[in-house]
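Features reported for this protein in TrEMBL:
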type     : residues : note
ACT_SITE : Cys167   : active site
ACT_SITE : His246   : active site
ACT_SITE : His333   : active site
ACT_SITE : His337   : active site
ACT_SITE : His366   : active site
ACT_SITE : Asn370   : active site
DOMAIN   : 25-306   : domain 'FAE'
DOMAIN   : 330-412  : domain 'Beta-ketoacyl-[acyl-carrier-protein] synthase III C-terminal'
SIGNAL   : 1-25     : signal peptide
Amino acid sequence: MEIFMTMSLLTLFFGFFCLCKLLLQRRDQSCYMLAYECYKAKEDMKLNCDSSAKIVMQNKNLGLEELRFLLKTIVSSGIGEETSCPRNIIEGRNPTRADELCEMDGIIFDTLDKLFARPTSISPSQIDILVVNVSMFSPAPSLTSRIINRYKMREDIKTFNLSGMGCSASLIAIDVVQNLFKSYKNANAIVVSTESIAPNWYCGKEKSMMLTNCLFRSGGCSMLFTNNKGLKHQAMLKLRHLVRTHIGSSDEAYDCCIQAEDESGYQGFRLTKHLTKAAALAFTMNLQVLVPKVLPLREILRYLAVSRLKSAKSQKPKADEGVGLNLKTGIEHFCIHPGGRAIIDGIGKSLGLSDYDVEPSRMALHRFGNTSAAGFWYALGYMEAKQRLKKGNRILMSGFGAGFKCNNIVWEVLKDLGDANVWKDCIESYPPKTLVNPFMEKYGWLNDEYLSFLRFDFSQLFAELQLFC
């Protein structure tokens with residue numbers, strides 16, 4: 001009997017020990033955002049629509065048909081008159097190595113200088129982890145080495161350079177930080193997210209590769225994270241969920257968004273007609289994992305009941321019904337990657353979002369253009385500048401990347417936020433009364449439907465793909 005009691009007590013003690021260990025491990029796995037800084041270019045880098053048209057017309061390889069397509073795309077892209085690009089593009093000259101490095105240094109060091117100047121009590125010597133994501137530029141020494149050299153960081157810092165990850169790379173970088181936080185206690189991490197535009201301007205005439213010239217603009221963001229509970233009172237956001245989906249095993253999805261050379265040997269980024277299908281599939285698969293984690297049980301049960309009822313009545317879902325789930329029961333704010341007007345409108349429609357919900361992404365696209373992986377943070381900055389973010393709110397960031405991948409992340413707001421940040425000089429004028437480009441009258445007669453497939457209407461695919469089978 002005594003042996004039995006002893007064994008029982010030991011079993012209970014061991015179980016209690018394992019439970020405590022698990023709870024302590026989960027405690028140490030928290031990921032808090034302390035601060036972020038977005039890049040705002042200087043006045044001499046401004047690229048309005050008229051300047052874009054002049055740059056396009058300098059390309060001697062283009063015929064009338066290609067010019068019509070590019071000008072039409074520019075005026076209907078949803079991009080405003082205040083975006084910016086590297087000086088070598090504005091000056092119409094081929095980039096040198098100095099131009100490439102100057103572009104990166106200007107964005108990265110500007111945002112990091114401002115980040116370290118913030119009252120977070122974190123200095124460069126206290127950074128344990130550094131992750132930089134730039135898809136289209138990978139110099140040697142690496143960009144992380146350039147940062148370490150400038151700020152004289154510690155010799156034991158853990159560094160990672162991510163390339164080729166596309167527009168959702170900053171979310172992947174945060175996933176790297178989150179996983180490293182499981183191994184390092186009381187650690188501080190920085191993520192730097194930007195894209196190289198200077199050496200990647202497409203000079204050919206293949207229409208499927210021209211779109212990047214019309215959409216991508218200069219931008220970047222540096223973010224500061226920690227898992228130190230002692231700094232929680234300084235934190236803005238807490239990472240709740242992060243789901244990554246990669247469907248690169250499909251040749252069709254892999255090739256739909258790819259860097260390549262055209263028939264004339266000009267390098268660019270090609271978008272194919274399979275992009276819409278790949279994006280919808282990856283997004284749906286991602287939501288299958290994410291939705292049960294963020295939505296209340298009552299909403300999931302309601303959705304299942306309605307789906308079964310329609311199935312029993314042999315009713316096909318309507319194309320405009322989208323996913324059929326009310327994501328607003330678990331998410332207050334939506335930060336769709338501002339990659340283009342069609343992407344924002346398509347995802348907004350498929351998720352049943354209002355104009356208010358997609359306004360931050362539309363305005364980020366209008367003011368700053370497609371800044372690749374940094375785009376999320378311009379949209380987040382808009383929400384903050386408009387004082388929308390209140391303690392306890394949840395934010396969904398959603399984006400795609402070459403490969404092909406979809407990444408979604410959910411944040412919890414830890415305190416009321418209201419910093420005007422990079423929007424300080426213009427937030428009072430947003431949203432503008434109209435998003436119609438002022439040069440629409442000048443170029444509006446142009447018409448080209450070649451890339452009509454880029455009008456992302458996910459609703460039909462979502463209606464056919466059931467989230468819960």
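Cβ atoms are placed via backbone N, Cα and C, with glycine included.
Owing to the predicted nature of the structure, the values given are computational and were not obtained by experimental measurement.
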Listed active-site residues among His246, His366, Asn370 whose Cα sits within 10 Å of His337 (active site):
Asn370
Across all protein chains in the structure, which of the active-site residues His246, His333, His337 has the highest Cβ count within 10 Å?
His337
Asn370 (active site), number of other Cβ atoms within 10 Å:
26
Rounded Cα separation (Å) that holds between His246 (active site) and Asn370 (active site):
22
What does the structure give for the C-alpha distance between His333 (active site) and His366 (active site)? Integer Å is fine.
19
Report, as a single number, how many Cβ atoms besides its own are within 10 Å of the Cβ of Cys167 (active site).
27
